[in-house]
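In what follows, a structure is listed as structure tokens, so that the remarks can point back to it.
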Amino acid sequence: MTILAKRTMSNNESGQQVTVKALIAEEQTRLLYQQAPISNVTVYSVALLFYFILKSHIDSGIVELWVLALFATATFRLVLWLMRKNNPQKWTTKQWLRAYLIGCLLVGTAWSLIVPYIILANNLTIAIGLSMLLFGIVASAVVILSVYLPAFVVYVYPQLLTLIVTLFTYGDAGHNALAIATLVYLVMTTLFTRNVNRNLLENISLQVQNSQLIQDLGEEVKNRENVIKKRTLELQDKNNALSKEISVRRLTETALRKSEERFELAMRGANDGVYDWNLQSNEIYYSPRWKRMLGYEDHELPNEFSTWESLIDDKDRERSWEMLTDYINGRRDNFHIEFKMQHKDGHWVDILSRAFLVRDAQGNAIRTVGTHVDISEKKRQEAHILRQAHYDGLTGLPNRFLAMDRLAQLLKEASRDVSKVAILFLDLDGFKRVNDTLGHETGDRLLVQAAERLQSVVREGDSVCRLGGDEFVVLLRNLGELTDARTVASSLISQFRHPFSLDERELVVTTSIGIAVYPSDGITPTELLRNADTAMYHSKEQGRNTFNFFTTEMNLNVSRMLEVEEQLHGAQERHEFSVVYQPVVELQSNRVVAAEALLRWNNPVLGTVSPDEFIPIAEQTGVILGIGRYVLQQAVENALRWREMLDHEFKIAINLSPRQFRDTTLVDYIKDLLECNGLKENALVLEVTEGVLMSGQQDIEHALSRLHNAGIRLAMDDFGTGYSSLNYLRKYPFDVLKVDRSFVNDLTVDPADCELVNASILMAHGLGLEVVAEGVETENQLSQLRDMQCEYAQGYLFSRPINVDAFTDLLQYHSKAESSV
Ligand code: C2E
Ligand code: CA
Ligand code: CA
């Protein structure tokens, strides 16, 4: 590439607009200056040569002056050349050109100085020599300066014009002719130089254009490359989209195939009724089996959508329809529902209905294919189990579970209607003695008769329930005045004044009653039940056979509470807490599979305080938040150690209190804790009591479902005490049910407790929960629990709660014993 081309590109790169004209001027300048060293050195030498030739012929210092002038001007030009060489940017092209012109003018004028003296020399040889020199200079100027016409003019004209003028001064024809010839020569060379100049300029401009063309081409190539790159990318994108589309198609096809397979499967299920509903044409087909399930022959029911609509129970119609449309519109991903349909002979058939969507390649639902299964028998069995679980087998009265459900229901109504509810807690006096002296069977008969008397007293709408043993409750709804409760209590007491006839024996068994009233004595079932129980206890203390209303004084032991509260402050900072662990044993394998973490408090002033005492106080003051986190940390760390050391499936159970659930950061705290420690979510079981659920707050429900969704297991603790609502078990995502130790305790002696434990286990299994029995102390209890299919147990029979090191030893001992078997 020529220098010019390079410059053009670089100039262009710097963004400068370089016009062709400027480029040409620059090239002219470059060519002019390029000649400078040679031409000026030539000037030196020629001047020197002529000095020696002319010195003897022309005197009075003129030659010296001439040579000096030549030397000076040539030096001036050389200096210019040097300056430009060192710093071409010093001046603009125009300035360089102008300087060059001045240089030319000076040198040209210097040469011309000698011309008048040629004649003076009066020596033909010298005249010819000098003339030759002059013409030689002019000739070389044509070559060198034709690039720039003004340079040629200022260089050549002074010399030739001086010559012409000098020749004319002679005035003779010969000199005149010579002068005219020179003039002609001048004109000719000028014309000639102009022509050369034009050609040269043309060449230069061509060169410039070429280089620009090359540059443009380069840019064009670059542009093309970019376009090609872009196109390639676009093509790649299209390719990707295409392959995505292909895989989506494949998926749709697979889904379609699957739907078809499902359809075939459904059709083959000979025992199921089948329907096929074309969503586009709205045609529907019911299989003969579908109709026979409802007692109809194939021809007796039309294949129309209205057939289903007219036979389904009014209560179920809208719900089913909603679910189906949600499924079709993609708002839910399955259709699975139970409803009732009317049989030809009038009775209701329980139907399990399932549906599958058939979609076209675009994913649009085109058909719904479904099955109907008659689940009436299953429903009957379930109802039977529920009945068993809800009614006391001995007296036929609602048992504890149903009692609590009813109470909750009553409280809801009462809070809505702003009315009162009374809970009468009854305990037969001296029942234990009857049982012990006359035997269980007599005891049972006494309970049955007592139940009948209780029922005879209450109004319709009020409930009598058996809580267990010889404990009953009477629930009085819509209470106008407290005196109404008093009246009922009095008549109950008087009912028991008459003797019971048992084994041809007349026996007087009185009752003690405690009364708690909603809302003044409590607003939750547990609270009310506990307070009624407390009031009953006072009746016993007052010599039995009487009733008492609950008063707050009955519960208070204020000074001790205050002391505990005081000592709780700062107890954590003083490191007074520790955590102990109680093993949970899997009954089938006899293995320790989990531990429950239990808090211990050792205070210098109060000594060891039971968690049953300090935890409620810690709750009230909020101290539980800090202590709760401490237990979580300890338990998680140790569980991780035990899992890594001995048993990868080992689980840890931790108790959480209601107050902790009101802490909105609880769930995130637990999740972070597990993540930081690297403990799997399903290794953690969180035990909550009904107290947590009772408040009915939305955020508690939310917290529980977030924990559940994170994979953390939830256990319902102390089941059987207090409220024990089935609804809670259904409503919240529990995995484990812990049967309270008070039931397990009397399992082998009290048939009512036995029944309650059995009912709890049945219910839990029915709802898909595992059961842990708490407080197992004897082999007898254990074997009964085994018989009832209870999965896990915990209690002093296996081990008391023990500290970390003791628990580690215990685990190690067990795993060694296992591996040696
Ligand atoms: P819980 O959750 O029902 O814990 C089981 C209680 O039963 C423990 O009492 C345990 O020592 C006791 N126990 C275990 N096996 C037997 C047995 O065979 N017979 C008898 N009679 N008792 C047995 P503990 O440790 O005194 O705890 C009492 C309650 O305090 C716990 O009842 C729990 O509700 C609460 N609690 C304990 N630690 C914590 C904790 O870290 N946080 C919270 N929020 N509550 C805790
Ligand atoms: Ca517990
Ligand atoms: Ca418990």
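Glycine is treated like the rest: Cβ placed from N, Cα and C.
Annotated range for transmembrane segment in TrEMBL, selecting from 31-53, 146-168: 31-53.
Most Cβ pairs under 8 A with the domain 'GGDEF' (419-552) among the ranges 259-331, 335-387, 561-815 are made by 561-815. Taking Cβ pairs closer than 8 Å, the transmembrane segment (126-145) reaches residues 32, 35, 39, 46, 50, 53-54, 57, 104, 111, 114-115, 118-119, 151-152, 155-156, 159-160, 163, 185, 189, 192-193, 196 in its own chain, all 6 or more past its ends. In terms of DSSP secondary structure, the domain 'PAS' (259-331) contains 40 helix, 10 strand, 23 coil.
Within the model, the domain 'GGDEF' (419-552) shows a mean pLDDT value of 90, rounded to a whole number.
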